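Asks: Below you will find the structure I want to go over with you.
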Amino acid sequence: MQWRSLVLGLLLLRLGLHGLLWLVSALGPGLSFHQRFPFALPPRGAPHPPWPRAAGRCGRAHWGCLLRGGGCGPAGGDEYEKRYSGAFPPQLRVQLRDAARGMFAFGYDNYMRHAFPQDELNPVHCRGRGPDRADPSNLNINDVLGNYSLTLIDALDTLAIMGNSSEFQKAVKLVIDTVSFDKDSTVQVFEATIRVLGSLLSAHIIITDTKQPFGDMTIKDYDDELLHMAHDLAVRLLPAFENTKTGIPYPRVNLKTGLPPNSNNETCTAGAGSLLVEFGILSRLLGDSTFEWVARRAVKALWSLRSNDTGLLGNVVNIQTGHWVGKQSGLGAGLDSFYEYLLKSYILFGKKEDLEMFNGAYRSIQNYLRRGREACNEGEGDPPLYVNVNMFSGQLMNTWIDSLQAFFPGLQVLIGDVEDAICLHAFYYAIWKRYGALPERYNWQLQAPDVLFYPLRPELVESTYLLYQATKNPFYLHVGMDILQSLEKYTKVKCGYATLHHVIEKSKEDRMESFFLSETCKYLYLLFDEENPVHKSGNKYMFTTEGHIVSVDERFRDSLWQDTFPEEEERNAEKLKPNELKAMNSSSNVSSI
């Protein structure tokens with residue numbers, strides 16, 4: 001098997017180019033992604049910082065060569081060419097769609113049988129998991145689990161997208177009848193927002209859609225209960241935005257008592273700046289500007305703290321002083337969804353300032369984080385990679401990337417930078433092929449994992465799905481098939497799918513996080529379900545960072561208030577200048593935050 005990995009990267013790039021050429025010819029000048037979501041790329045001739053040297057540099061390298069650090073020959077190319085570039089049989093596609101549905105059903109049914117009403121399923125021992133009351137400092141558990149049937153709520157719109165109306169209706173009624181947020185639970189504002197608030201809003205939108213594209217998902221005598229629950233939860237999260245000098249929220253709140261005593265003043269950029277989509281939707285459905293206002297104020301405060309020299313943001317900030325505690329700038333943990341929501345807020349709400357912020361962030365990313373040759377598939381030098389740098393100097397800070405970065409090719413698809421998306425996706429897929437999973441951190445210099453676990457994350461599947469939708473290249477169906485088969489082979493256990501503790505040894509941890517059902521299974525299913533109403537809607541839908549589906553329509557572009565930021569607030573936001581602040585010692589680890 002090892003010789004195959006030598007040629008895989010080359011094939012990926014070749015096929016990527018085929019897909020790009022297909023995309024250009026198929027879309028034509030009237031349907032370009034740039035025209036749908038206009039943004040400003042840096043000029044094609046703009047210089048990039050030098051490529052970080054890996055052991056055994058390969059000159060005009062492909063990813064298989066880079067990962068192995070040795071010479072690369074063409075042996076076996078014909079076999080892979082035949083496998084990946086040929087037509088994908090419709091029967092196989094149907095089988096894989098059904099397999100993805102079966103994967104979801106196996107995890108969901110076991111959660112309902114063994115874990116509900118607790119938050120998560122322990123799939124090895126077939127029991128439920130809730131907050132760790134004995135150890136409040138166990139943030140890995142307590143930030144996510146709020147004792148509010150998390151997995152059931154997070155999975156609601158997946159049931160609808162798969163057309164399971166009877167189970168969707170049953171699940172919604174269970175949520176309405178059994179879930180309460182009046183709990184003595186201290187949760188992370190970000191996780192509660194994207195997993196719970198976002199899912200309640202998505203399910204409410206599905207139920208009240210007059211066209212019912214996924215089948216009859218209506219609920220008899222439904223009286224906007226999910227919307228009222230979303231409102232209740234959001235009100236309980238609002239104390240995080242109080243008594244902060246910058247407007248950037250505290251990372252955690254207690255759902256019953258509000259802000260915990262001795263709250264942490266440090267938060268990651270993604271956690272504080274990725275609330276605008278859910279809070280904005282809630283505000284516009286309720287006609288109450290409060291929620292969008294506090295979320296937008298946080299985004300603007302973070303944006304005002306970017307470096308004057310590079311335009312980059314760090315990954316951890318003090319919410320009282322505005323000092324950057326973590327000066328690392330990258331695409332992964334601590335920053336990922338901040339970039340994503342700048343663009344998606346623009347798509348959903350149509351506010352020009354969101355697009356302008358995204359454009360500025362993307363230019364800085366291209367200028368300081370992207371290393372390697374200008375073009376993915378041609379030219380001298382190494383293929384591109386996005387690295388972690390110091391936000392103020394743009395200098396390399398470490399030699400690892402994390403698995404959350406794998407979302408970025410999907411974001412690049414949305415803005416029309418498909419060639420770079422193809423290339424970056426190929427890098428992550430090459431790692432997946434090597435281990436049958438994505439390690440949480442991969443050291444591109446040592447060509448080995450730094451952090452070895454894989455918690456069933458969806459980011460690579462999401463980018464694979466979006467690239468297939470953009471290119472219709474059957475290569476991405478093969479990628480999805482490989483991912484699905486790996487999950488079945490390495491992570492399936494007695495009562496569900498388990499986190500891989502060690503991607504090389506394939507040992508497991510007894511945890512199935514809720515995003516496995518809300519995202520990983522959903523994107524796999526949609527990849528193979530050609531006839532899904534999502535694909536027949538004419539770009540009517542958008543996915544949140546937790547994979548919840550929301551309509552892109554005019555009601556979210558019209559607000560009942562004039563301006564969430566009066567002139568006085570604008571002036572106050574401008575008072576906080578990055579050049580007036582002195583960054584504290586760097587911290588590249590946001591897991592403690």
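A Cβ is built for glycine as well, from the same backbone N, Cα and C atoms used for every other residue.
TrEMBL annotations: computationally assigned, not manually curated.
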Asks: Quick one: which of 108-134, 567-593 does TrEMBL have down as region 'Disordered'?
Replies: 567-593
Asks: Are there residues of the same chain, six or more positions away from Thr545 (Ca(2+) binding site), whose CB falls under 8 angstroms from its CB, and which are they?
Replies: Ile194, Ser274, Val277, Ser337, Glu340, Tyr341, Lys344
Asks: In whole Å, how far does the CA atom of Glu191 (active site, proton donor) lie from that of Glu440 (active site, proton donor)?
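Replies: Glu191 (active site, proton donor) and Glu440 (active site, proton donor) have their Cα atoms 19 Å apart.
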Asks: With Cβ-Cβ distance below 8 Å and at least 6 positions apart along the chain, what are the contacts of Glu459 (active site)? List them in sequence order.
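Replies: Once residues fewer than 6 apart are set aside, Glu459 (active site) is near Ser403, Leu404, Gln405, Ala406, Phe407, Gly410, Leu438.
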Asks: Using C-alpha atoms only, work out the spacing between Asp336 (active site) and Glu440 (active site, proton donor) and round it to an integer in Å.
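Replies: Answer for this pair: 14 Å between alpha carbons.
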